[in-house]
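Visitor: I'd like to ask some things about the structure below.
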């Protein structure tokens, strides 16, 4: 019915030109519902080739087997020809360019490989054309070669795609084009476009009638009248679309389509409106998310962390709604920062200084993941917290000393705490220090009364014991180890009698330190005595400079450990050696010094 109710007229010419053989091939099949037009240009090497015929037959067989004009079907027709040539290529070299047009008498689609060409004329004007798969055409598309120079360009036959190639083939297939009455479909091979300009070809169809033979004959005369010395095989086919098929049931189909389409369109409209509204809501949520996010950052910069937390919470909720994962994760980092700072501030207010310090350190670490925001605020809070801790530590130490009965040191620590609190503008800390001092003084007065009532003897013993500790400390500082141990031992006896075990323990530590110093001094004295012996030995060998060096080492140790007697004797030895070095002492002096050394106490340490 389609073919009978349409008018497609076809005419063509195909000649060998000046070649010995014609390796072009044109064929067409017109079925009731579909028609297929095939043009093949065999790429010959001078001999007769069957590649064009074989390719055309392969397309015809594929089309007859599964007539269709879908893009995939047209591609399969072309690939059928390609595979057929590759099979025969094992015996003979078979290559070809091809163009295939498929139409349902209402619309058409074309596919091609190589440099056979397709033109569609409408109203005498070129409406649609194929593009060559050649290097010359590629140069033209890159604006390196004018289009009217392709026909004579040396690379026009250098094809990038063709049937029978070894590489994978990807044919070009056009989209579907609706035909109109009066359209003209033209297929032609290289022998035509090398010898006829595209403008001359268009002029043929500007005044064309309804019969294609006249136009095809005119095209052939254009070639022959030019009398070219060499003409390649040329084939030219024209399909005149005098009348396209009009479906008689088109109105009914339109009504049916409308019955189906209107509800669908309504659904799509509702869906579109819904999607539009959702998109607007999404845009509004995203805009608000950005506003809350930026507002939260500004509050952080202003050190208003509670407000920043609220703004960031809103931004986070909206980020989840709009499914902005990247922004959600970014906001989460800022939330962790604000939470850490707020918790630390609360700990500081509660005077949980250690927890506050840990919190601010954690917040400082978190700021590295949040563009280092609040870094200055956190650093200031860390400094303030450390100062609070110093005041708190001083007060705690003062309390401990007061509990131990060391009121003087306790008073000292309380005074230091008050001074630090004053410097830090810590009014609460200053008040606590004053209260602690008041309590201490009250306690001291109370205990003083109690001690007075308990008797002067205990007071004197405590004073004496404390004085022994002080004298022991002074002796230890001056290097008097024996004296220090003596004072510490007496102090220990006193405090043991008084039953003050804490101070007894601290005195034991001081005694242990004194004993350690004693051992160190004994070791150093032994080393000094060794230096003296070595110096005496060197002196007997008249190595005065070396002997003096040993005496100097010994003198340094005797001076450190307060061995005055040995220090004096060592100094005498150094002066004698200096005399040898300057030449003012004689050998008799040396002998006398030897006798003195032998009889001296340090010769037998």
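Note: Cβ is positioned from N, Cα and C throughout, glycine not excepted.
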Visitor: Which range is it, out of 476-503, 504-531, that shows up in TrEMBL as coiled coil?
Guide: 504-531
Visitor: How does the model score the coiled coil (504-531) in terms of mean pLDDT?
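Guide: Taking every residue in the coiled coil (504-531) and averaging pLDDT yields 81.
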Visitor: Hey, which bits of the same chain come close to the coiled coil (504-531), Cβ under 8 Å, at least six residues off its ends?
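Guide: 469, 472-473, 476, 479, 481-482, 484-485, 488-489, 491-492, 495-496, 550-551, 553-554, 557-558, 560-561, 563, 566, 602, 605.
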